[in-house]
Structures are given as C-alpha cells and as structure tokens.
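So the structure is just underneath, and the comments pick up after that.
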Amino acid sequence: MGIPKLLGVFLVMEMMSGFRSGAHGLSMEYYIMSCPIAEFIVRNSVIRALQADPTLAAGLIRMHFHDCFIEGCDASILLDSTKDNTAEKDSPANLSLRGYEVIDAAKEELEKQCPGVVSCADIVAMASTYAVFEAGGPVYDIPKGRKDGSRSKIQDTINLPPPTLNASELIKMFGQHGFTAQEMVALSGAHTLGVARCSSFKNRLSDAVDPNLDSGFAKQLTKICSAGDNTEQPFDATRNHFDNLYFNALQRNTGLLASDQTLFASARTRNIVNVYAFNQAMFFFDFQQAMVKMSMLDVKEGSKGEVRKNCRKIN
C-alpha cells in the first residue's frame, strides 16, 4: 500500500474516532462482542464474488448509493415486491442493479454464525467498502449499527438522480441530503467503475448532439448504440479498476452521461474535476470521507428498525 493511501487511512480513522465510542448510535466495533467475524464474512463474500466477476464491484457500490438515497441506509433496496406492493428494486431506475446474490450469500453465512445479529443494511454498507478496496480504491472503515427498514415502494425512487441532471440540479439534490458540491463530485467518481446502457445517454446523440460531447466520441457511441438500448459502454477506459481516469475523461469531453460531463462543463464544479484528474490521492481521500458520510444517511437505530432474517423480506 502506497504512502498516499496509508495517509488517507490514518486520517479517516482519526476523523472517525468519535464513532468508536458509539456517537450517533453507530460504532466501528458494533459487532465486536455479538459477532466478531461479521466483517470477515462479508469481506470474504465480496472477494469470492469479485474473483468470479470483477464487474460486480460497480454493482455493490451503486446498490449502497441507491439504498441510502431512498429512506436512508436501511436495506430497503433488497426487499422483494409482493402481491400488494411493488418494491424499489423493481423501479426502472433500479432494474440494472446487480450484486443481490453477494448480499444473500453473506447474510446466509452470518445467520449460521450469529443468527439475528447483523443487519442487511450493514452488510450492504460493508460490502460497498470492500468492493472499492478490492477494485484498487482506498481502504476505509464505516461505523456499524444500522437497522433494516420495512418500507420499500417504487414511487420513492423518484428521489434518485436521473442521468440527465445538470450540475446545478445535482448540487441541489445532493444538498438536500447534506452533501456539498465537492462531496457530490467525489461521489460521482464512483463512475470510475462500471458501465451505462445506451438508454441512459442516447438523448445526447440525437440530431442536436450535446455540445459538451466530443464529436469523435459521439460518433463512436452512435455506432455502439445502433445495437440497441441495452448495449453497454464503460464509463472510462478501466471499467473494473478504481482510479481517477473518470475525471480525465471529463476533461476530454468524453464523459458518458450528461450528469457526468456537466461536472466539467459547469464553472461551479470544473475546478474540483481538475483537482481530482491531477491528484488521485486527493480524490481517494475525499471519496472515502463522502462515502462514510453517505453510509450514515437517515439510519434507523434501535426499535426504529429490525434485523431481517432474510434480506429480501421483512420478518
């Protein structure tokens, strides 16, 4: 591990020291007595999954984000629909989410070792941190102690940011959750991993091509998307490696989504993109801080939630 990454780890651990004593009801050592192997089990599940399919790293990070932005980090994204309710996961915005089986595998093992102890919300949050690290990103810890929620409704997913938002709209939406513009840009850097489907960016390729899109890249995308809306295109050149190439792509006007390229097109966020494109260590540090903050959005504690036995249904 390089010096910048180690420095980032130490700084974040210092920053998070307040959670060791249980501030906000969460704690780094929440399971130290009740299930000391909890983190080991979750990490092993993630490692096994990524060894078989490295593309799942992006899925696990995106799942955590989509969970936390709706009803807080309470594993509402994992609940299956029932005959009386269409759940979040069946929203068009979530149909491309992947990695549910990784969470299921971790939960199954945890229920064998520590039945009724580790929440699905904590598993999702922990899995995202291990996915970042295993893909080459920063290592960081998050406080544990979230409880699982009971509400999961498709209509709530209207609060997820669509790929067409501009920088001002993104700043406003993230601001409603307590994030600064810089934290929003750092979190957007998660698009260093994964792909987007043509349906998410084909609007940029119409007769009036997006002026913020490189013309050569636009022609390339048009050719790729001629195969159909479900055709996939990586966000950057290293789709399975966590780095800062996403920000370099924005500087070249080859950001994939409108909501990506707007970060460089807007004067309000361009300088942040330039800093992260130049300084990967700075991006890593700001990203891990923002992810820790996101992992604590509207968490349910104590009697406000439960620990599901099966992550796909309430007890």
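Keep in mind that glycine also has a Cβ here, set from the backbone N, Cα and C atoms.
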As recorded in TrEMBL, which of CYS35, CYS68 forms the disulphide with CYS73: CYS68
Residues that sit under 8 angstroms from CYS68 (disulfide bond) by C-beta distance, when 6+ apart in the chain: MET294, SER295, LEU297, ASP298
Proximal residue to CYS120 (disulfide bond) among binding-site residues GLY72, GLU88, HIS191, THR238 (C-alpha distance): GLY72
Local confidence of the prediction over the domain 'Plant heme peroxidase family profile' (25-315), expressed as mean pLDDT: 95
Nearest of the recorded positions (CYS35, CYS114, HIS191, CYS225, CYS311) to ASP236 (Ca(2+) 2 binding site) - Cα to Cα: HIS191
